[in-house]
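Per TrEMBL, the features are:
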- 6-150: domain 'Flavodoxin-like' (DOMAIN)
- 12-17, 59-62, 97-106, 132: FMN binding site (BINDING)
- 206-447: domain 'FAD-binding FR-type' (DOMAIN)
- 350, 382, 383, 384, 385, 416, 417, 418, 419, 596: FAD binding site (BINDING)
- 460, 515, 516, 521, 522, 523, 524, 525, 558: NADP(+) binding site (BINDING)
C-alpha cells in the first residue's frame, strides 16, 4: 500500500513545538515517508477531512491557552456544528509541550486529543505530555513516544523494503540553496530592513512599522539590582491602533560584535550578497528576508545565534562535521544517552549557538552556507504589554522593559536578546528605528460604564494596567482599583507620581505592597487578603472585573488562593463553592490574566 502524505501541524509560541515538528518531518523523510510540516493557522483547516494521517504538536501557553499561531484553528475545531463523523477517515496523534508547574499542564494537547476523538478521528497513541520541568526537558517524554509512533505508522503504511531508511549520520538535503552573487552594486543594508515603502494594510510581522524611538529612560533607582526602562516610540502615520490590554511585538537584532564573530568562525564574507532558492516546489522563502540579501543582514536580522541550541542543532551539526573528535562529541550530545551531559553543557549555563560553534571550530568552519537556515532558527519577535493609551498619548506607544541579565558559570553574563538590544539604543545620539506591530493581548476591559475593575500588577506586570487606567480615566470611568507590588518604594515604584496624582483626583484607588521594607515580606496577595471585604463587595455586589498580570511562576497561584480565601471568609462559601465561584469568574471573563515566564 503506498504511504500516504503525513501531515505535521504545530502550534508554537517560543519555537519548541516547531522544532519538534521539524524533527518529526526529518524522521519521516529518513523513513521515506512524504511529510509536510505547517503551522496550524497557515493550514486550510477545511482540508482536514481529506487527511489520512496527521500529527498535531501543540504547546500550552499562559493559563491553559493555545499559542498565537493556532488560535484560528482552535476556534474552528471547537465549532458546535461540526458533524461527529467529520474526521472519521483520519488517524492522528497529539504531542503536547507544557510545564507541570502550571495548573493547566498541557491543557491544549489534552483538550485537542478529546476533540479529535469526538469528531471521529482514530488515535494512534495516547497523548504525549512533554514537560519542561523534567530534568531532561520535554525529550524525556517525546523520545519514547516517537519510537512508538513510528512503529504504529510503519505498521499501518509499510515502506517498500528496497528503499530502506536514510541513516542518521547522513544529512538530508537542505531546505534552501544560497546562490551567491558576483560582486555587484551594493544593496543598501538599510534598504534590506524588513519594512517596505508601500505597506499593505496595518503593520504586521511581514511588514513591521519602523518606529522612531523617542525616549529610553531608566526608571529604577541607581542602586536597584534591575535595570528597567520606559521606552517611547513615535507611531505617527503608522496606521497602528490599539486599546488597553493589547501588546506590541518587536523584532530584535543581534549585536554587531556577535554578527562579526559568527561570520569569522564560519568563514563567511558579511558583505557578500545571495538569493535564496527553495529546493522543493511550493516551499516559500522566509518573508522577512529581502531578495537579494547580504550575509550580514541574514546573520544580524534573521538567524537566532544568541539562542540556546536545541538537540536538533547538534544532530545536524554532527552530520555536517568533518572532524572526528568533534563529530563524536556532537553525536553523543544528540543521542538519548547524552541528554544529561548536553543539559549540563548547554541548557544549565544557557550557552548560545554562537558559543557552541566557537567550541567546535573545525565543524563550524565546514558548515555549508546552504544549511544555515536548517541549522539556526529565526529570531522570534518579543511581545511587550503596551503601557500607554492613545487617548492620553496620541501617536505614541510606550512599554516598560526589564533588561534581562544574569550570571551562569560561563564567564560572559547571559543577556536577553531583545531587552539588551533595546537598552543599547540611544535616540539622543541620532535617529533610532525599531520594527514593531501590535496585536490583541490576553486582557480586554469592560465597555459598560460604571463597571469597576480590580487590577493586580506587581513589578513590570503593572504595564498593561497603566494603559487601562489612562484609557478609563479619559473615558470618565471610575471604579479603578490597582494593587501594585515592588521591592522598595524609592527604587522600583513605577509611575508613582502619576498614580498619586490620579488618586488625588479621585480617579484611582491604589494599594501597594513593598516586599523588602519590613522584616516579613509583604506581597500583593497579602494586601488582597487584608482588603478582603472590599474585594468581595466589588466582585459580588458591584460586578467588578478582576485582572492579573506579571511573572507566571508563583504569583498567579498565590493570588488565586487569596481570592478563594476571600470568597470563603467574606462570602461564607465552602471550599468547593469558592473554587466554583472563581472558575465562573474565569469562564465569564470577569477574571483575566496575562502572565509570562
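Cβ coordinates come from backbone N, Cα and C, glycine included.
In TrEMBL, annotation is done automatically, which means it is predicted and not curated.
Keep in mind that this is a model prediction, so the values were computed, not measured.
Among the residues the record lists as binding NADP(+), namely 460, 515, 516, 521, 522, 523, 524, 525, 558, the two farthest apart have Cα atoms separated by 19 Å. When averaged over the domain 'FAD-binding FR-type' (206-447), pLDDT in the model lands at 94. Among the binding-site residues 383, 522, the residue whose Cβ has the fewest other Cβ atoms within 10 Å is 522. A distance of 29 Å separates the Cα atom of residue 383 (FAD binding site) from that of residue 516 (NADP(+) binding site). Taking CA atoms as the reference points, residue 558 (NADP(+) binding site) and residue 350 (FAD binding site) are 29 Å apart. Between the candidate binding-site residues, 99, 558, the densest Cβ environment within 10 Å is the one around 99. Sequence-distant neighbours of residue 417 (FAD binding site) (same chain, 6+ residues apart, CB-CB distance under 8 A): 252, 254, 304, 306, 307, 379, 382. Looking only at the binding-site residues 15, 62, 105, 350, 419, the one with its C-alpha closest to residue 522 (NADP(+) binding site) is 62. By neighbour count, meaning other C-beta atoms within 10 Å, the densest spot among the binding-site residues 102, 105 is 102.
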